[in-house]
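**Student:** Here it is, the structure in full.
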Amino acid sequence: MRNKHFVSLSIFQIMAMFRRGIFYFFLSIYLKENLGVSNTEMTLYATLPMVANILTQSAVWGRISDKFQKRRLLIIFGELYAAVGYIVVYFIHKNMAINKSLHAAAYTIIIGFTIIEAGWSSSNLGWTALIADLTKETERGKIMGRLQFIGGIGNILGVTASGFLYLGGEGFSNGNLFFISSGIMVFSIIALFLIPESYAELEDSGVVPINNAILNKNEEGMENKGKNNTVENPQKIRWEWQLFVWILVVLGIVNIGGNSINQMVSIYIRLPSTFAASDVIVAQLRNTSSIAIIIGGLLVGFLTKHFSDHTLLLVGFSFLFIGTLILPFAPSIVLIFVYMALLGLSRVWIQTISYSMITKIIPLEIRGKMMGYYNAAFYLSWGLGGTLITGPVADSIVDVNLVTLSIYVGFFIVSVCMWLATFFISYFKLNKTKGIQMSSFSISFVFSVIVAFLFSQKIANWISSGGNSDAYSYRVTFYIAALMIVIGMLTYMLLRPEKFELFKTKNKEKTKHKK
């Protein structure tokens, strides 16, 4: 990557992460403590916008990106659209809080940000595709690590500012956090004008080779050489899509598990029965994660030269699991700081390494669309796990709703049993014959349903016997998150597809020696 391109991306990254830090970290607290939403409703602000984000990335912006190759324009449009949207949402939410109800104001934020994300997602898609355009395969891990380092600095500055501007919710209610975030979006796009608009410009300037190294072959084995380096029939591109789907499944399970408790942790540490953390302490905890991202960004960029991606990704998963397992046992807030540090390390590790892995197997011709699916494994996890799993579980414990709790326990029993069935079917090669495979899955499913029917209510009663406080309900969700991360790690280690060997090569750039 050229230095001027890296500088431009770095300026945009530090401003984007500053904006994210100053606005989003306290938003869940504002919704819960000031606007009075439930645990499940609190997670909707992350879930619904991210669903809109991913749907439009894959269905709209990914296709536009692949057709026109205008990555920079997508980023600029998304940032301007969101900047205006923030201001509109603030004034509507303020009016609802005064004339309607606090609950209506909360849903104005949730629905408003869902609409914003539908357009803002063009920026996310353009960003990931543009970095892939600007970098060679051998340097992507290093570049991503450096950008994570720079983004971590921006996040620290943003969260620190937010800790002083939040003021028990006044930072949102008086609009300061909305206005500052909107202004940052407008100014951040200035740096992007130093970056080429399209892939064609990159090819002409010699920044990256136009030939995609691994998989740009059509069904006849000939190289795809159409105008603007596109193909007439993208469906005929041969590439390891099964490997791509598998890595997305693994990332989805691990990320949903780890991120399902994001909002819970912020509320948990502020409870009088736990640590009664102030706004400043909450900001310091978040900054611990950002500092870990900075250190991890530098470290992972170095390690990608010496270790294979598949090993480093497992290390990232391990950081996340260990940190999550610490949470329910933490006797003091010191261990919460340890959790936040491990969380930061895991995020930069997982995002950097997985990005390096998937860009090795995605052909250029469909890069935009596939990047939309890849982003889904991260963006959907920010709220989906909380809305569908940990939020309802926490609410059912607090409300002593044994029916809902029993249903969730039964769901987990069936899920674990079916995962074990998948492993044994794969291990004993029962998937070679379709009939045997289907019979094995059918028997396993019936067995798992019977087990769930017999034991789910007993387990739900046992969980409920621990109490119905917010603190206890959150600790239960921490165990659930750790279990999901373990399932994802085991899937990664034990259910690897045949072409997994593609990920075992180190990222050292080959050099040619003159004779």
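One-based numbering along the chain as shown.
Including glycine, each Cβ sits where the backbone N, Cα and C put it.
Curation plays no part in TrEMBL annotations; they are all automatic predictions.
Per TrEMBL, the feature domain 'Major facilitator superfamily (MFS) profile' maps to 5-434. Residues annotated as transmembrane segment in TrEMBL: 7-30, 42-61, 73-92, 147-169, 175-195, 243-261, 281-303, 310-327, 333-350, 405-428, 440-456, 476-495 (among others).
For the listed features, I'd like the structural context: burial, neighbours, distances.
**Tutor:** Listed by sequence, the residues of this chain that lie at least six past the ends of the transmembrane segment (7-30) yet keep a Cβ under 8 A from its Cβ atoms are 42-43, 45-46, 75, 109, 131, 134, 146-147, 150-162, 165-166, 169, 171-172, 177-178, 180-181, 184-185, 187-189, 191-195, 262-263, 266-267, 270, 279, 282-283, 286, 290.
Non-local neighbours of the transmembrane segment (73-92) in the same chain are 12, 61, 64-65, 108-109, 112-113, 115-116, 119-127, 130, 175, 178-179, 181-183, 185-186, 188-189, 192, 197; each lies 6+ residues outside the stretch with a CB under 8 Å from one of its CB atoms.
Tertiary proximity for the transmembrane segment (175-195) is limited to same-chain residues at least six positions away from its ends with a CB under 8 Å from its CB atoms, namely 4-5, 7-9, 11-12, 15-16, 18-19, 22-23, 26, 72, 75-76, 79-80, 82-84, 86-87, 89-90, 94, 130, 134, 162, 165-166.
For the transmembrane segment (243-261), same-chain residues at least 6 beyond its ends with a Cβ under 8 Å from one of its own Cβ atoms are 317, 320, 324, 327, 343, 346, 350, 354, 357-358, 361-362, 370, 373-374, 376-378, 380-386, 389-390, 474, 477-478, 480-485, 487-489, 491-492, 495-497, 499-500, 502-503.
Nonlocal intrachain contacts for the transmembrane segment (405-428), taken as residues 6+ away from its ends with a CB within less than 8 angstroms of a stretch CB, comprise 389, 392-393, 396-397, 437, 440-441, 444-445, 447-449, 451-453, 455-457, 459-460, 463-464, 480, 483, 487, 490-491, 494-495.
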**Student:** What residues elsewhere in the chain lie close to the transmembrane segment (281-303), defined as a C-beta under 8 angstroms and at least 6 residues from its ends?
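**Tutor:** Same-chain contacts beyond the ends: 21, 25-26, 29, 141-153, 155-156, 159-160, 162-163, 266, 269-270, 275, 312, 333, 336-337, 340-345, 347-349, 352-353.
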**Student:** Does the transmembrane segment (310-327) reach the transmembrane segment (333-350) with at least 3 CB pairs under 8 A, where each pair is 6 or more residues apart?
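**Tutor:** Contact criterion met.
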**Student:** If we skip the immediate neighbours and take only residues 6+ beyond the ends of the transmembrane segment (42-61), which ones have a Cβ under 8 Å from one of its Cβ atoms?
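**Tutor:** The answer is 27-28, 31-32, 74, 109-111, 113-122, 124-126, 262-263, 267, 368-369, 371-373, 375-376, 379-380, 382-384, 386-388, 390-391.
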